[in-house]
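Peer 1: One structure, as structure tokens, below. Some questions next.
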């Protein structure tokens, strides 16, 4: 065999690639949505997938196979006899014969099919108990191809045992993926977790539950009973459509339905369940199903041959079944069972829509599968907040978010969220990576904004590094690293302080010596430079004086300009005889030869050097140089003095650098106490406050006439609450736009029932009995006969969101004031005030993006936020408008499908309908332009039938606040406050440091008065790091204070003004463990009590507390530092021995 040519190799490689591509196209996904908490008795999980079409010749050999690890029920895998009922044009028709009802004929034959959805009795009912899974398929066929739909039903426990597996049907591969949603036990509808509870509509008022539209998949089950008509399902349909006199429909069975993605089986019909009655009525209206065709056939055409009859089974002597013969895109299921037989007769009718009209008596069938929709009441699962934490990993951070009830929404502007999920019980976890830690990590999770302070991560990495460096002394490694790893100038000050304390006796003389050497060299260079400059100036002056008195200084022979008279005289003597005046070596007595010799002569500076030596020699030992040279930097007194001064200065810098910057929102470290304001004039505050921020203002109001009389004043403004009176408009629906052409050769357009006529929203235009040959295909001759029916309808309706219209809006804040012993609270509305005899607090106005008549759309839970629509149609809606398709309690509201039909014709071809109106739903349009709509976030929502309340977490709204306190206060009455407050520290958790934060639990006792509004702070001996406003009642009160800051020696106490608890607690040290994010909304607190800033005494107190904390902490750290100090002093003594005394040095 010869070598393959490059062309053959290329073709072979291309063939392999095409084979791989073909194999990839044969892979289909079947998604099984599971709640992430599986409990016993939760029924079945169901899913389906529509496969590509296959030739009708392959149907009889189809077999559904599985490689999944679950146990498949074998009942549906066996062969079952079907009557194959087909149609064709009669072969004896003459050419150009006009089509009529007698132009077509049908054929019946018996075939065996396996794997179709023929579910025996009790199979579904016992599937959960027996841990059996049911896999089957159904067929939608025309004359040439069939489109299979594969169904998978299994116990919900398979969500735990199976993640992914493969099914196969013919040459198609089906990837079954079990996906756990963020729902605990409910189903994902409209982006929210919905638990359908049908009994709620019977026992509770309508405003206490929600109503959702859910898909229903039903499967026909045959069950024969020996007597009675209880199982004759067709009797129920006939009763429903009020058809009497039908006695021949004796088929016995029922439908078993599954609602949504998982549910308990629903039996249809069932007298004691209104859900069953609803499904039954929908089956009667749409006997072939409410899902009309597959997505890719949304715009297609069909040719109707007409009504046909046939025999089922094929051995019958007369016709027992009828239907509508067609060609073109397949629509509904092509499998059914005959209603007139006691024993089930299964029919497979490719290219025929079998009769399903229950208002007639004969030749009817029931489909083996039925798909539709049903509206059910239920409850929405409550959501919980996320917990987000991060750990440092390489150049970025590894983060994880988890929630007890699932994560319905998570995003981040700084991280890559890959949706890798884990579930532990009811808890959902998502891991993601943040590539940058040079800025704080922001994560939006379950409607909450979480912020992870990345400097805390860097602190952890610093601790890890220093712990590794000091690993030889593990007992002190971590403690020492914790002290050193403090961010900012404070951390550098700590490091310098420890270096000075431990190694100051070595570093001080060493650094001083280096500085002195540099200064001495600089002084010498400056002095040397000045000497040379003066010498050159002197030579120039001598030269100029000689030129003035004696003439030119240029040698006449060599033309060299001399600088002194002796040099010129030597030139005159030597150059004329050809000798060098400098080295006296012989040369030619020419200018060029002598100048060339001067360039290499090494003694040309001989006369300058003689002149320099004749002058006084410079001795650079005076002034600065001498002082620097004689400085005794090794003196013990000098080193000890500098060491003490540096320690004091560094302690001050260390304490001062611990202060944080002033912020508009958040806590600012201050000293103890509160500010004092002399009431010489009225106290007025006028400011703008973000909607998500609370505000605390506390002062001591002082009598200007008597400084001893002071009244405590406390003002508390809570976060803004938005109150909207709403009108529930219903649920916005998305739909697939379908355009169908139905052409048939003869008869009027009303003669047949077209598929869109059972759709909820449709329009139809008929082109009937048109004259002209241009619109007739060759196999349908004739002029002025037949019909082309054009239909537009909306299919695959899907609920996408809740819609509320704002009727009115209010913005409120709760305002509380405490003036002396007087306390007043009121919820203040816009343009409203809280007024007392001395204080007036007004909410003047609000800057808002909401307006009455706006429409709010929620595409998920309320906590996920929503979109604001300024234009929302409520009465006359066109398809494509916001609010075009709405599901309301009164029923479905269909939009106007504005546009006109046009029949496109060509000679000898089937006509095609065209529609020039909009074909994109309003929801799809909104998604394409989602960024153009205003969005808003929601925190702490509360909803009722006609009201919606929430807090804006983004501070996108602002309130204008005005506060006036009159100067005419009754100081004699209000300054005498009988309230006595005692404080005790109960517990603390968290860590000191500005990044991590701590939670201090205080026990506050109030006596001598019934209630008192004040603020309790978390402080150490020097400063305060957090506060909370508390409305104390008589007796014991437990107060939680969240603070950030402090140091390793801080003993956090509970303080009120200048009074603190007797004992304090030490928080944990920051470490390398995961850093948990905090709610941005919780930190939006503005606290202003006018307390003085930390001054000099506060700095020393803070430094002293830190030193005591170090001493009282890990004593080994202090021991190691002292040992290092002693070693450095010994090293200093060895390197810088004491100088002998002057007397001993000059002893005679």
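Note: Cβ is positioned from N, Cα and C throughout, glycine not excepted.
Checked Swiss-Prot, it gives:
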| type | residues | note |
| --- | --- | --- |
| SIGNAL | 1-23 | signal peptide |
| TOPO_DOM | 24-496 | topological domain 'Lumenal' |
| DISULFID | 117-136 | disulfide bond |
| DISULFID | 141-146 | disulfide bond |
| DISULFID | 218-257 | disulfide bond |
| DISULFID | 386-445 | disulfide bond |
| DISULFID | 390-399 | disulfide bond |
| DISULFID | 415-434 | disulfide bond |
| TOPO_DOM | 518-637 | topological domain 'Cytoplasmic' |
| REGION | 526-543 | region 'Binding to the ribonucleoprotein' |
| ZN_FING | 555-575 | zinc finger |
| ZN_FING | 580-601 | zinc finger |
| REGION | 598-615 | region 'Binding to the ribonucleoprotein' |
| REGION | 602-613 | region 'Binding to the ribonucleoprotein' |
| REGION | 621-635 | region 'Binding to the ribonucleoprotein' |
| MOTIF | 625-628 | motif 'YxxL' |
| TOPO_DOM | 659-1115 | topological domain 'Lumenal' |
| DISULFID | 745-780 | disulfide bond |
| DISULFID | 761-894 | disulfide bond |
| REGION | 767-787 | region 'Fusion loop' |
| DISULFID | 790-913 | disulfide bond |
| DISULFID | 833-842 | disulfide bond |
| DISULFID | 873-877 | disulfide bond |
| DISULFID | 1019-1024 | disulfide bond |
| REGION | 1131-1143 | region 'Binding to the ribonucleoprotein' |
| REGION | 1131-1148 | region 'Binding to the ribonucleoprotein' |
| TOPO_DOM | 1137-1148 | topological domain 'Cytoplasmic' |
Peer 1: Out of 136, 141, 146, 873, 1024, point to the one nearest residue 257 (disulfide bond) in space (Cα versus Cα); all of them are disulfide-bonded residues in the record.
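Peer 2: The smallest Cα gap between residue 257 (disulfide bond) and any of the disulfide-bonded residues is with 136.
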Peer 1: List the Cα distance (Å, whole number) between residue 117 (disulfide bond) and residue 218 (disulfide bond).
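Peer 2: Distance between the two Cα atoms comes out at 10 Å.
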Peer 1: For residue 390 (disulfide bond), which of the listed disulfide-bonded residues (218, 415, 434, 761, 877) have their CA atom within 10 A of its CA?
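Peer 2: Checking each Cα against residue 390 (disulfide bond), the hits are 434.
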Peer 1: Nearest to residue 842 (disulfide bond) in three-dimensional space, by Cα, is which of the disulfide-bonded residues 386, 399, 894?
Peer 2: 386
Peer 1: Looking at the disulfide-bonded residues 136, 141, 218, 386, 415, 833, which ones sit with their CA no more than 10 Å from the CA of residue 399 (disulfide bond)?
Peer 2: 415
Peer 1: Select one residue from 141, 146, 390, 833, 913: among these disulfide-bonded residues, choose the one with the most other Cβ atoms within 10 Å of its Cβ.
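Peer 2: Compared across 141, 146, 390, 833, 913, the most Cβ atoms within 10 Å surround 390.
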Peer 1: Given the model, what does the mean pLDDT over the region 'Binding to the ribonucleoprotein' (1131-1143) come out as?
Peer 2: 64
Peer 1: I'd like to confirm something. Which of the disulfide-bonded residues, 434, 761, 790, has a Cα closest to the Cα of residue 146 (disulfide bond)?
Peer 2: 790
Peer 1: If you count other CB atoms within 10 A of each CB, which of 257, 842, 1024 wins among these disulfide-bonded residues?
Peer 2: 1024
Peer 1: Out of 141, 790, 873, 877, 1019, the disulfide-bonded residues in the record, which is closest to residue 434 (disulfide bond) when you go by Cα distance?
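Peer 2: The smallest Cα gap between residue 434 (disulfide bond) and any of the disulfide-bonded residues is with 1019.
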Peer 1: Show which residues of the chain containing residue 761 (disulfide bond), separated from it by at least 6 in sequence, have their CB under 8 Å from its CB.
Peer 2: 735, 793, 794, 885, 892, 894, 895, 897
Peer 1: For residue 745 (disulfide bond) and residue 218 (disulfide bond), what Cα-Cα distance in Å is obtained after rounding to a whole number?
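Peer 2: Cα-Cα, rounded: 35 Å.
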Peer 1: Just jot down the residues in the same chain as residue 445 (disulfide bond), at least 6 apart in sequence, with C-beta under 8 A of its C-beta; none if empty.
Peer 2: 385, 386, 388, 401, 403, 407, 409, 410
Peer 1: Mind telling me which of the disulfide-bonded residues 218, 790 has the densest Cβ neighbourhood, counting other Cβ atoms within 10 Å?
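Peer 2: For the disulfide-bonded residues 218, 790, the Cβ with the most other Cβ atoms within 10 Å is 790.
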Peer 1: Using residue 1019 (disulfide bond) as the reference point, find which of the disulfide-bonded residues 218, 790, 877 has the shortest Cα-to-Cα distance to it.
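Peer 2: Closest by Cα: 877.
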Peer 1: Taking just the CA atoms, what is the gap between residue 136 (disulfide bond) and residue 913 (disulfide bond) in Å?
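Peer 2: Just about 36 Å between their Cα atoms.
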Peer 1: Hey, which of the disulfide-bonded residues 136, 415, 873 is the loneliest by Cβ count within 10 Å?
Peer 2: 873
Peer 1: Which whole-number value in Å describes the distance between the Cα atoms of residue 913 (disulfide bond) and residue 141 (disulfide bond)?
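Peer 2: Given the Cα positions, residue 913 (disulfide bond) is 22 Å from residue 141 (disulfide bond).
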Peer 1: Run through the Cβ atoms and count how many others sit within 10 Å of the one on residue 745 (disulfide bond).
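Peer 2: Other Cβ atoms within 10 Å of residue 745 (disulfide bond): 22.
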Peer 1: Between 386, 1019, which of the disulfide-bonded residues has its C-beta surrounded by the fewest other C-beta atoms within 10 Å?
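Peer 2: Across 386, 1019, these disulfide-bonded residues, the one with fewest Cβ atoms within 10 Å is 386.
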